[in-house]
Amino acid sequence: MSNASHGDVPDQELLAEQKFIDRLYEHVDALRSRAEGSVQEALEPVGTGAQARLERDINVAERSGLLAALNAVDGSLCFGRIDLADGGDHHIGRIGLREDHPDGTGERAPILVDWRAPVARPFYLATGHTPMGLRRRRHITTHGREVTALHDELLDLTDRERTGHEDRTGDAVLLAALNTARTGRMGDIVRTIQADQDRIIRAPHRGVLVVEGGPGTGKTAVALHRAAYLLYEHRELLARRAVLIVGPNPAFLGYIGEVLPSLGETGVLLASPGELYPGVRATGRDTPRAAAVKGRAEMADVLAAVLADRQALPDPVIAIEHDREVLMLDAGLVRVARDRTREARLPHNVAREHFEGHILNTLTDMLAERIGTDPYDGSNLLDDSDITQIRDELAANPEVWTAVDHLWPRLTPQRLVADFLAEPTHLSDEDAAVIRRTTRAWTPADVALLDEAAELLGEDDRAARAAAERERSEKVAYAQGVLEVSYASRTYEFDDKHDDDSEVLGAHDIIDAERMAERQDEDDHRSAAQRAAADRTWAFGHIIVDEAQELSPMAWRLLMRRCPTRSMTLVGDPAQTAEEAGVGSWDAILAPYVADRWEHTRLAVNYRTPAEIMDLAAAVVRAERPGFEPPRSVRATGVRPWVRAAGAQQLAAAVADGVAELMPREGRLAVIAPRELHTAIAERVAGAAAGQEPDLTRAVVLLDPRQAKGLEFDSVLVVEPGAFGTSDLYVALTRATQALGVVHTGDLPAGLAP
Ligand SMILES: Nc1ncnc2c1ncn2[C@@H]1O[C@H](COP(=O)(O)OP(=O)(O)OP(=O)(O)O)[C@@H](O)[C@H]1O
């Protein structure tokens, strides 16, 4: 709330900001109604001409992109202002806006600076020691379109002017954000990005950037804001190639799903590792052991060996009847054909054509020798055209194809992996038993195997590709012409940069000629992210992986294939590793792909968990690893967490009491308990959301420790901590922003016991 008290005297500073914000919204409303009108217009039927349809597509893409961005930022458009030491100021907001210059020259002057623009950077980094040319930084708090508070920090310590809104400690806005009741959906942090976070968000590093930090250090927030920043900074490339954000499970992706739209960005694909194989929904669940076996790097070799077994040899011969002759394909002949085919080092399905050729040649030679040999001198009486005719006739014999199908079958990834999981080979008996499949459902760990299989098999689509390529080059030439027209007529002012080749969302920026040509197909109006979701071989412009410590080596192989440029941001915390399948160190993850060419950064301040709770959580880890250092909590609340014993029969009742006690007036509470207790607890805690993907926006949510990963709540009640492993317990204890209780019947783990 406003920190200035002026009695009945209107606060001039507030009034001035309100006037400015009103002007911004007038501008936005005008832009919006123009954009709405033109989307409508652009959607009007346009006849059947290719050119008309293409122009309509450009218009719809361009205008609806602008509209979506304007809608997304409504209500929190502008949140800051910087006053420069040499006069002048800039307002900072979620998007940049320009308006007509008052001098009527037709110039368009920036009135709101996008938070990602270089001009806005001092807003996040300037300090009294390093003012970066600033005199003052102002945080503007709004409720809807109304300005409700201002917080000013003087950065020029010699300046005597006061506004009446001074924030002496400089952290009032941050602390208010941290103490706000949670909604069950992660919010953006664009108003209060801290300097160490800003450096990561804007890191110019183009390769792999690893961001490590303990619970609540803002790793997820930073990763998402980095995505938004990169989309701004490299809009042309990234809008075309899309950004992929990988999170541990669909519930987590739902939790973070609103952050980027609130920053005006929608061209991003969010997916969990189980969603990365188009056409497959991984609804099954593996045991941790099975996921670990399936995730091992050796599985790549195992699958290759499994596939090699499918390139069979006759046992002992295959007899083919042809033209009253019987041709015998024996193991020796087929081995030669197989070795020659393998030498080409092509994926299995692509290599099949070679194998067919070798087998046909073998049979042709056999037959030619049999029917064409001169009985007197042993020479062959057949000429080339006879040989060709024999070959053609053999190629028309279905028995030949039955043999080829047996010896070198065409396979889909699904077939190969399903057969392997039904009867696993090339593994120890113990590992085979662990992964043998009992249901038909695919699991997230299977997805990496399917992807590996798809690589090994390849797709024999050369004929289709050649035809598509011919057609496409004609369209590209045509689309290039249309784009040139679009570039010449770029107009609108969704921009705060002065140079003209920056961030305007023009058709020329978001779509290049090739993509435009593809889009020309009447029913393909998909965005890059949508196209990427449907294409296993899509190469993303950038990949962000959250909870990166959980991914298995096989999952890394899949992700690295999706990002040939290795432009990636990986965030994680090895101390929170839950999955057996997870890789132990960044080195182990990255060495096979980028050797040591990756950067490591660390976040050390915990913005979520108050110091009192963090002390307890750290004690649990220290009991196992004495030197363990948790991140430093940015605030203390004075509220101590409590630990209570309950009788075995009273556990559910004690949980219900704990919930009543910890229930925040506003906000969310989570009960984190072993899954086998969920039914009993749900009976006592009315209205709690539960299940595989519980609705996190409900007041009370019942989770197991794995589901709690990455989430946060105002209050948390941890039940039966003795049943959790150390890292799961560490995760569970660090989810609360305000209050924590623990209820147990059994022994307490070391660190929690008094
Ligand atoms: N600069 C900031 N301003 C306001 N809130 C912040 C800031 N940085 C982080 N937060 C908040 O702190 C909380 C924790 O952030 P986040 O979930 O990104 O942490 P994390 O490192 O991913 O945690 P974990 O590893 O425990 O999942 C979130 O509510 C986030 O909005």
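Cβ atoms are placed via backbone N, Cα and C, with glycine included.
For 192-610, the entry in TrEMBL reads domain 'UvrD-like helicase ATP-binding'.
The ATP binding site feature in TrEMBL is assigned to Gly213, Gly214, Pro215, Gly216, Thr217, Gly218, Lys219, Thr220. Around Gly214 (ATP binding site), the C-beta neighbours below 8 angstroms that are at least 6 residues distant in the chain are Asp573, Ala575, Leu603, Ala604, Asn606, Pro630, Pro631, Thr734.
Cβ atoms within 8 Å of the centroid of the Cβ atoms of Gly213, Gly214, Pro215, Gly216, Thr217, Gly218, Lys219, Thr220 (the ATP site) belong to the same-chain residues Asp573, Leu603, Asn606, Tyr607, Arg608, Pro631, site residues excluded. In three-state terms derived from DSSP, Gly216 (ATP binding site) belongs to neither a helical nor a strand segment and is classed as coil. Other Cβ atoms within 10 Å of the Cβ of Gly216 (ATP binding site), summed over all protein chains shown, number 27. All protein chains considered, the CB of Thr220 (ATP binding site) has 24 other CB atoms within 10 Å.
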